[in-house]
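Novice: This structure is in structure tokens; I'll ask about it shortly.
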Amino acid sequence: GGGSAGTAGTLTLLLGEGTKRLPQAIIIGVKKGGTRALLEFLRVHPDVRAVGAEPHFFDRNYERGLAWYRDLMPRTLEGQITMEKTPSYFVTKEAPARISSMSKGTKLIVVVRDPVTRAISDYTQTLSKKPDIPTFESLTFKNRTTGLIDTSWSAIQIGIYAKHLENWLLYFPIGQILFVSGERLISDPAGELGRVQDFLGLKRIITDKHFYFNKTKGFPCLKKAEGSSKPHCLGKTKGRTHPDIDQEVVQRLRDFYRPFNMKFYQMTGQDFGWD
């Protein structure tokens with residue numbers, strides 16, 4: 001932005017200028033964990049500017065280069081944080097090295113949720129797009145009789161958080177990764193947002209004054225969305241009703257995930273209370 005000192009700041013604001021910067025913080029996961037809710041809540045903060053759509057740069061579009069990626073970003077003023085979210089980064093083998101080579105200082109946020117409900121939610125999303133897929137039960141097991149779980153099915157694979165996290169810790173110190181509870185994001189949005197704002201070095205501007213609980217949706221919603229005066233709940237694709245899953249299968253999955261969950265609690269120093 002041009003202009004002389006003094007009026008330059010005001011002018012920049014008026015002209016909608018600012019600079020496109022590479023993100024200093026990325027929501028890297030996890031699919032069906034609550035990443036869209038977190039991003040929409042964060043965008044209420046005047047010092048957060050974020051890309052709406054998922055760029056999928058570090059997994060699918062890496063060959064397009066950093067200049068392409070930077071160009072997708074919104075313009076920011078001094079002191080504002082540029083953010084994006086692509087939940088599949090967390091499970092992408094190459095993503096940690098790629099993000100680290102952009103900037104070792106990138107702050108990473110992972111929204112995690114009970115792996116069993118996450119898997120059912122993942123299945124529910126797929127089902128809404130392809131109504132003729134096999135049942136959840138039949139996809140869960142390699143062999144129903146032996147009860148061997150098919151860990152190659154992505155719905156199951158994504159929830160083995162400890163395994164994916166190990167890959168990130170080869171490139172980033174644990175203190176540079178914030179783990180947000182998807183459950184608490186719903187039960188206490190202001191509390192979780194407090195932690196996120198602290199982690200990002202932002203003033204705690206988003207508080208419980210910003211939220212109301214929508215009983216129909218079973219979700220907290222914003223009294224005012226970013227850049228609007230209207231209340232805003234997430235769209236129809238969020239908070240879908242899950243199909244009823246055989247309780248025996250659910251129990252089997254709980255047992256399967258337990259050791260991985262314990263390892264994850266240990267690694268993060270946080271007990272998410274999933275079992």
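Every residue, even glycine, has its Cβ placed from backbone N, Cα and C.
Bear in mind that TrEMBL entries carry predicted annotations, made automatically and left uncurated.
Quick paste of what TrEMBL says about this protein:
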type     : residues                                                                                  : note
DOMAIN   : 23-258                                                                                    : domain 'Sulfotransferase'
BINDING  : Lys32, Gly33, Gly34, Thr35, Arg36, Arg113, Ser121, Lys238, Gly239, Arg240, Thr241, His242 : 3'-phosphoadenylyl sulfate binding site
ACT_SITE : Lys32                                                                                     : active site, for sulfotransferase activity
DISULFID : Cys221-Cys233                                                                             : disulfide bond
Novice: Among all protein chains shown, how many Cβ atoms are found within 10 Å of the Cβ of Gly34 (3'-phosphoadenylyl sulfate binding site), not counting that one?
Specialist: 28
Novice: List the Cα distance (Å, whole number) between Cys233 (disulfide bond) and Thr241 (3'-phosphoadenylyl sulfate binding site).
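Specialist: Spelling it out, the Cα of Cys233 (disulfide bond) and the Cα of Thr241 (3'-phosphoadenylyl sulfate binding site) are 16 Å apart.
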Novice: Which whole-number value in Å describes the distance between the Cα atoms of Gly239 (3'-phosphoadenylyl sulfate binding site) and Cys221 (disulfide bond)?
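Specialist: Distance (Cα to Cα, whole Å): 12 Å.
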Novice: Between the binding-site residues Lys32, Arg36, where is the Cβ count within 10 Å the lowest?
Specialist: Arg36
Novice: Among Lys32, Gly33, Gly34, Thr35, Arg36, Arg113, Ser121, Lys238, Gly239, Arg240, Thr241, His242, the annotated 3'-phosphoadenylyl sulfate contacts, find the widest CA pair distance and round it to a whole Å.
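Specialist: If we measure all Cα pairs in Lys32, Gly33, Gly34, Thr35, Arg36, Arg113, Ser121, Lys238, Gly239, Arg240, Thr241, His242, the largest is 18 Å.
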Novice: Between the Cα atoms of Thr241 (3'-phosphoadenylyl sulfate binding site) and Cys221 (disulfide bond), find the distance and write it as a whole number of Å.
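Specialist: Approximately 18 Å lies between the Cα of Thr241 (3'-phosphoadenylyl sulfate binding site) and that of Cys221 (disulfide bond).
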Novice: From the Cα of Cys221 (disulfide bond) across to the Cα of Ser121 (3'-phosphoadenylyl sulfate binding site), what is the distance in angstrom?
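Specialist: Rounded to the nearest whole number, the Cα-Cα distance is 20 Å.
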Novice: Please report the distance from the Cα of Arg36 (3'-phosphoadenylyl sulfate binding site) to the Cα of Cys221 (disulfide bond), rounded to the nearest angstrom.
Specialist: 12
Novice: Among the binding-site residues listed here, Ser121, Thr241, which has the most company in the form of other Cβ atoms within 10 Å of its Cβ?
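Specialist: Of the binding-site residues Ser121, Thr241, the most buried by Cβ count within 10 Å is Ser121.
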Novice: How many whole Å apart are the CA atoms of Gly34 (3'-phosphoadenylyl sulfate binding site) and Cys221 (disulfide bond)?
Specialist: 13
Novice: Pop the Cα-Cα gap between Lys32 (3'-phosphoadenylyl sulfate binding site) and Cys221 (disulfide bond) into the table, whole Å please.
Specialist: 17
Novice: Average the pLDDT scores across the domain 'Sulfotransferase' (23-258) and report the rounded value.
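Specialist: Over the domain 'Sulfotransferase' (23-258), the predicted model scores a mean pLDDT of 95.
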Novice: Looking only at Cβ atoms, how many others are within 10 Å of the one on Cys233 (disulfide bond)?
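Specialist: Around the Cβ of Cys233 (disulfide bond), 18 other Cβ atoms lie within 10 Å.
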